[in-house]
Each structure stands twice: as structure tokens, then as C-alpha cells.
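For reference, the structure discussed in these notes is given below.
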Amino acid sequence: MPYEGCMERDNKSTDPTMEFLLLGFSELLCLRVLLFLIFLIVHLVTLAGNVMIFIAVVMEPSRPPMLFFLCQLSVIELCYTLVIVPKALLSLIVVDGSTISFIGCAAQMHLFVALGGAECFLLVAMSYDRYVAICQPLHYVVVMSEGLCLRLAVACCLGGFAVALGLTVAVFRLPFCQSRRINHFFCDVPAVLHLACTQSYTPELPLLAACVLLLLLPFLLILTSYVCIAAALLRVTPSVGRCKAFSTCISHLAITLLHYGCATFMYIRPKSSYSPARDKMVSLVYTNITPLLYPFIYSLRNKEIRGVLRKMLKRKKTAQLN
């Protein structure tokens, strides 16, 4: 999103020693304390929920593929919130916004995009797991082996970090305007691109390519998996069996729609619709509320997670009695 009011380029605008100013929610002076408390409580509950799922899965001796992917999802969400929320909380404490270095801003953007991209790819792996479980149940144990799950997990992380690295390098090679005030609470891609001193659409091409690789292609793969699942379920005669099989997909579908819905609204849109205030509110939901909902969705809808959590609580009660 080029900053059209800037007509001059600063030759030192890409100097690694430069700093950006994150304005955060500086326009909401009267709500700072309330927002800080809400952010802090949501952050602590999110950390507790994801840590609980991670510990429960790690302590389970026999981990089916879905639990393995859920464990990785919890780790991603933990890192995701730790990258964004502490700086957001700091921006609420400092009245005039908080500064962030050039390297720090680039690192935050890279980690944010990489973890979000890894989650997109992980949702594809989880949809493939559901496809094999429903469409090829007799071959499930052979196909979804421990080795394949591990390779898929590594591929998700490497793919997300590779795309994020290319996007971050492309963004931070741009010349920035003299005003380095980022109207956001973290170094989000559209907010940083808005500071670029160029009138062309070229700076937006890396973001478009990243959206295709991280959002469009994974979503099409997930859609293909569920089309095959739907076709297989239509051939199931008893409606009870059909509903039981589909119920194993509900939690994954809910998180997929939540994740891709927010991400699509944020990044796949024309630059003319860029609005800093609206972007901050959507990012607030995307980076704080959705990670909070994930543990609840999976703990309530996933039978395996509920079973593991019950075992963990029983072990804890037994240890207390002893």
C-alpha cells in the first residue's frame, strides 16, 4: 500500500540502524487500562490453554496422527502469540507509541508470516489426515505413519519460513518515507508497505505471491480433501455412520474457516480499501481471539483431546491423593 503523499526518497531509509514507531492504540487514550487488562488476560488464557494441550499430548504414550498435528498447532500458536502480544502490551503502556528497530521489525514480520504460513500448511496436513481416515480407513495406519507425520510437520515449518523470508526481504528492501510511524500494534505487512515511497504496484507483488502460496493453494487443497470426503460420506448408507464420520471433521473445519476467513480479509483485497483503524481491529481478533478459541474448539469437539485431558487430570488427582 504505497504512501502517496511522499514524493521524496530517503537514501538511508533502509539503513539497519533506523527505527520505526508503532503507534498501537494511541488514539484510544481513555481505554488504555481496559485494553491492557483484556489483552493480558486473553494472552495468559491462550498460553495456558495451548500449554495444557501440548503437555497432555506429550504425556500420552500412544499419539495418533491428529494428536501429533494438534501438538504442533499448539506450539505454533504459543510462538505466534509470544511474537505479537508482548509488543502490543508495551504499546498500551507507552503513551506515544513504542519504538522498534529495523531488524526487530523485520524479525517480527518474518516470524509472524512464517508461523501463520506454517499453520496454513499444517491445516492442509490435517485435512489430508481426515481424508485418509474417512476415504481409506483400512489403509489409515499404513499411510499415516509416524515417519510421514514427522515429514509433513517439518515440511509445514520449512515452507512457511521460506515464503516468509522471501516476503520479508522484499518488503524491507523498499525505500521508506521520512515518516516511519506505523499505525499498527505490530509490524504487519500492509502497515509497513503503506510507508513505502513508491507510486507503483510492484511492492505489492511479493505480498500477492505470498498470499497465493500461503492462502490460496492450501485452501484449494483443503477444499479438494473435503470434496472427496463429502463424496465418500454420501456413499455411506446409515445416516448415523455418516454423522459420526463427519463429526471428526467439525473442529478442523471450524479452525480452517476462522483462520482463512480473517487472513483473507486482511491480505487479499485491493489497496484502496486499506484502513489502519479497521486493520488494527481485525488484527486484534486474528492475533488474540482466534488463538484463544483454538484450544477450546479442539478440547470441546475432539474426542481424543478430551480423553487425553481426562487422563491427565486423573493422574494429577492420583498424585495429590498419594
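Yeah, the Cβs are placed from backbone N, Cα and C, and that goes for glycine too.
Predicted automatically and left uncurated, TrEMBL annotations should be read as such.
If you check TrEMBL, you get these features:
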{"type": "TRANSMEM", "residues": "33-59", "note": "transmembrane segment"}
{"type": "DOMAIN", "residues": "49-298", "note": "domain 'G-protein coupled receptors family 1 profile'"}
{"type": "TRANSMEM", "residues": "66-89", "note": "transmembrane segment"}
{"type": "TRANSMEM", "residues": "109-128", "note": "transmembrane segment"}
{"type": "TRANSMEM", "residues": "148-172", "note": "transmembrane segment"}
{"type": "TRANSMEM", "residues": "207-234", "note": "transmembrane segment"}
{"type": "TRANSMEM", "residues": "246-269", "note": "transmembrane segment"}
{"type": "TRANSMEM", "residues": "281-300", "note": "transmembrane segment"}
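Same-chain residues lying 6+ beyond the ends of the transmembrane segment (148-172) with a Cβ under 8 Å from its Cβ atoms: 14, 65, 68-69, 72, 102, 105-106, 109-122, 124-125, 128, 189, 192-193, 203, 206-207, 209-210, 213-214.
Residues of the same chain lying 6 or more positions beyond the ends of the transmembrane segment (109-128) and with a Cβ under 8 Å from any Cβ of it are 66, 69, 72-73, 76-77, 79-80, 83-84, 149, 152-153, 155-157, 159-161, 163-165, 167-168, 171-172, 186-189, 192, 210, 213-215, 218, 221-222, 225-226, 252, 255-256, 259-260, 263. Between the transmembrane segment (33-59) and the transmembrane segment (281-300) there are at least 3 Cβ pairs closer than 8 Å, counting only pairs 6 or more residues apart in sequence, which means the two stretches are in contact. When pLDDT values are averaged over the domain 'G-protein coupled receptors family 1 profile' (49-298), the model yields 85.
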